[in-house]
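First up is the structure itself, then whatever we jot down about it.
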Amino acid sequence: MEFLQLLSCACIIFTVGMFTTGLTDLKKMKATQSADNIQFLPFLTTCLNNLGWLYYGLLKGDGTVISVNIIGAFLQTLYIITYCHYTKDKRRVFSQTLAMVSVLCVGWVYFTVVIPPGEAQLSQLGLTCSVFTISMYLSPLTDLLDIVRTKSVERLSFSLTVATFFTSTSWTLYGLQLRDYYIMVPNTPGIFTSIIRFFLFWWFGAVITNKSSYKLIQL
């Protein structure tokens, strides 16, 4: 029981820490009064992911899942509002936001009206959230291929990689402890993709440092 409480605290701390990495983009937008060179879609997909897991946590009565995703949804909403305020391409942002809201509404109707309350509802929601989370963890693999091709890790964030590794590991152990495979399985890819990123930092970072000692200070 004490180990589970420790894992719960770790999940909350590491996940909230990972969510707050978006504050860097928020500060950049406020400083430059522009949303240029900031990606909007990750804010939307993460918010949608948070809301899905929040509903799962509410159905299951899991305080850790509920707490983390309330904070996550709040932060992502803050990032979305800030982005909408500073972006020049408001039509694209509005259409993407409308699409997310539509998906959210369809999902809400399906899981609350079509599927009767009970184990089937929890299982299907857990499976949906799991698939969505796995796709989010695997989506940066195309960027990793570009990094291998260009032999440059400048596009990677080391702090985000560390946060992702500890977050994925804590949730995997938490799900394993609860025997909740909908929590455990989707976080496993996050561990492997983080390890791949660590390897890229080590491999190509070493290549860069051989060229210039100044690059070592940057890393």
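Even glycines carry a Cβ here, placed using N, Cα and C.
Here is what TrEMBL says about this protein:
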type	residues	note
TRANSMEM	6-26	transmembrane segment
TRANSMEM	38-58	transmembrane segment
TRANSMEM	64-86	transmembrane segment
TRANSMEM	98-116	transmembrane segment
TRANSMEM	122-144	transmembrane segment
TRANSMEM	156-176	transmembrane segment
TRANSMEM	188-209	transmembrane segment
Note = Listed stretches 38-58, 98-116, 122-144 vs the transmembrane segment (188-209), most Cβ pairs under 8 Å: range 122-144
Inquiry  = With contact taken as 3 or more Cβ pairs under 8 angstroms (pairs 6 or more apart in sequence), are the transmembrane segment (98-116) and the transmembrane segment (156-176) in contact?
reply    = no
Task = Establish whether the number of Cβ pairs under 8 Å between the transmembrane segment (156-176) and the transmembrane segment (6-26) reaches at least three, counting only pairs separated by 6 or more residues.
result = yes
Ask   = Against which stretches of its own chain does the transmembrane segment (6-26) lie, if we need a Cβ under 8 Å and a gap of at least six residues from its ends?
value = 38, 43, 46, 63-64, 67-68, 71-72, 75-76, 78-79, 82, 157, 159-160, 163-164, 166-167, 170-171, 173-174, 177
